[in-house]
Amino acid sequence: MDVKEIDVRSLSSSNRHTLPYVHKVGVPPKQNPWKEFSATLKETFFADDPLRSFKDQSRSRKFVLGMQAVFPILDWGRNYNLAKFKGDLIAGLTIASLCIPQDIGYSKLANLAPQYGLYSSFVPPLVYAFMGSSRDIAIGPVAVVSLLLGTLLQNEIDPTKNAVEYRRLAFTATFFAGITQAILGILRMGFLIDFLSHAAVVGFMGGAAITIALQQLKGFLGIKEFTKKTDITSVMKSVWGSAHHGWNWQTIVIGATFLAFLLFAKYIGKKNKKLFWVPAIAPLISVILSTFFVYITHAEKRGVQIVKHIEKGINPSSVNQIYFTGDYLLKGLRIGIVAGMIALTEAVAIGRTFASMKDYQLDGNKEMVALGAMNVVGSMTSCYVATGSFSRSAVNYMAGCQTAVSNIIMSFVVFLTLMFITPLFEYTPNAILSSIIISAVIGLIDYEAAILIWKTDKFDFVACMGAFFGVVFASVEIGLLIAVSISFAKLLLQVTRPRTAILGKIPRTNVYRNILQYPEATKVPGVLIVRVDSAIYFSNSNYIRERILRWLTDEEEQLKRAGLPKIQFLIVEMSPVTDIDTSGIHALEELYRGLQKRSVELVLANPGPVVMDKLLASGFTSLIGEDKIFLTVADAVLTCSPKFAEEV
């Protein structure tokens, strides 16, 4: 492909004969606007080229590939064998022993009856096993989403006085959570969840863990009258307000004993990775032992609160319970979008973590479609929002799972539990469920990550702590709002206030670098070299122009005090400038005119193809002169200050 080039001429006829060859700046060939737009669109939404495998295939083969894309089980299922099944069987049984007691506890966080937690570990994992692409993720209710859903729902409907309407709104929110997730995946807009920064997620999860643990004090201490607010101030007032007459010592003994047992089991699992099954099976053992103890001692007659009745049987249909009209439709939509996004963020993060550990690719958009489909189906089968659980996924991974069949095994065990075993949970004390949840959410407090964030980026730490304290001292939704707001604020700050730097020459090289990073770098007499570390858009163009002029003013003041020659050339290093819009070009024009008044010449170094094309189209290259645009800073200095170049 032919490349048009701009001749680079010397800036003065007197030194033209002394200059060695100076490279020319390449100009990209003109592109078809439609092709350029199509390429940009493809790179934005189809960067992974998902249709690559469909090229040059027959219709029947395309149909098979399409079915495999929607249902990955049809692809990997062909190579499934007994060896893989053994690993999946052990993993499925192990995570089932962990999920059953957790599900009963998490349903209480969502202010729903215990069976709804079990329902959500029966149908959604089955759907995900057929549509999901992660081999390791374990599906079911999780603590943070359960708390978030319960908090948002009870702000609209009292779960005690209007249990039926509350449950219907929960199914409606779950339906719209699934629709949100599926739409994001189908439209390939998964990048939206990346707007919630890692630091904000760490703070939000940590705050949610504290809030969840505080909520469990009701069951742990045997308190009957407890606040419905989630902030730490209200919870502690409720706890200490009932200290003299509301606490039950038998409940505290049960809760504390088994909490110590669960934490000890976790410690053993951490110390010896081969004993991963100990913390996995500990919750089920705790439930069995505590239930048996309450049954033989009739501790429920001494004030120990128990689970009581759990409905027997598999999920009933809830299609006719979803609000498709009326006032609760919009409320369900709003709650569903929030819960769906948080569930999506958690699941995709977990999936990517384990995919990288096993070195396989995870398609985030396919995951969103799978998660969305399972929640839509779940909402129609009496489930509430399910997603990937980190604790269960970690156990699933360590237990040696090979494929998503481990989710099917877990689902089958939950099915047997719903059909035959639920009556045995009648005497399970609430204290043991509280202990299980407390031990589970402790792992969400990632203080090591918070310390690393503090050492790495102070602004990220502000986002982390803002989300944390927002959840702990206000509410889950306020903490989430703070997390999103600070993430956007950081993004806007980086876009509107990009970094710029003064460059100097590294000794014995032709390399020019930031003089703050390389103090030994020397400035060029009469020349100021400024690097712009960002694309130049309407949002930052004026700031960049003003910042460059401020650099020039500061430099001239220093030179004046030192009695040195004034600046004659301002070289703008544009290698990091990936793009520029009309506002950016206008700012460069204003910069050029401002420099003319100061008798300073504007020089550009290494503009990229996109930038160069726009500078040509706008006529800016003609304005400053084509001989003022160079391939490198070294070429620009060689022309602007040949004496300096010869000396060094």
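Placed from the backbone N, Cα and C atoms, the Cβ positions cover glycine too.
Per TrEMBL, the features are as follows:
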{"type": "DOMAIN", "residues": "517-640", "note": "domain 'STAS'"}
{"type": "TRANSMEM", "residues": "137-157", "note": "transmembrane segment"}
{"type": "TRANSMEM", "residues": "169-187", "note": "transmembrane segment"}
{"type": "TRANSMEM", "residues": "199-217", "note": "transmembrane segment"}
{"type": "TRANSMEM", "residues": "247-268", "note": "transmembrane segment"}
{"type": "TRANSMEM", "residues": "275-296", "note": "transmembrane segment"}
{"type": "TRANSMEM", "residues": "333-355", "note": "transmembrane segment"}
{"type": "TRANSMEM", "residues": "367-387", "note": "transmembrane segment"}
{"type": "TRANSMEM", "residues": "407-425", "note": "transmembrane segment"}
{"type": "TRANSMEM", "residues": "432-454", "note": "transmembrane segment"}
{"type": "TRANSMEM", "residues": "466-489", "note": "transmembrane segment"}
Q: Count the residues of the domain 'STAS' (517-640) that DSSP assigns to helix (H, G, I), to strand (E, B) and to coil, and report the three numbers in that order.
A: 64 helix, 21 strand, 39 coil
Q) Looking at 137-157, 247-268, 275-296, which one has the highest count of Cβ pairs under 8 angstroms to the transmembrane segment (432-454)? A) 247-268
Q: With the transmembrane segment (137-157) as the reference, find which of 199-217, 247-268, 275-296, 333-355, 466-489 contributes the most Cβ pairs under 8 Å.
A: 333-355
Q.
Given a Cβ distance threshold of under 8 angstroms, which distant residues of the chain, six or more beyond its ends, lie next to the transmembrane segment (466-489)?
A. 147-148, 151-152, 195-197, 200-201, 203-204, 206-208, 210-211, 229-233, 338, 342
Q: Go through the chain and flag residues at least 6 beyond the ends of the transmembrane segment (169-187) whose CB is under 8 A from any CB in it; none is fine as an answer.
A: 45, 110, 112, 116, 149, 152-153, 156-157, 193, 318, 321-323, 328-329, 331-333, 335-337, 339-341, 343-344, 364-380, 382-385
Q | Stretch in 199-217, 275-296, 333-355, 367-387, 407-425 most in contact with the transmembrane segment (247-268), if contact is a CB pair under 8 A | A | 275-296
(Q) Need one number: mean pLDDT over the domain 'STAS' (517-640). (A) 95
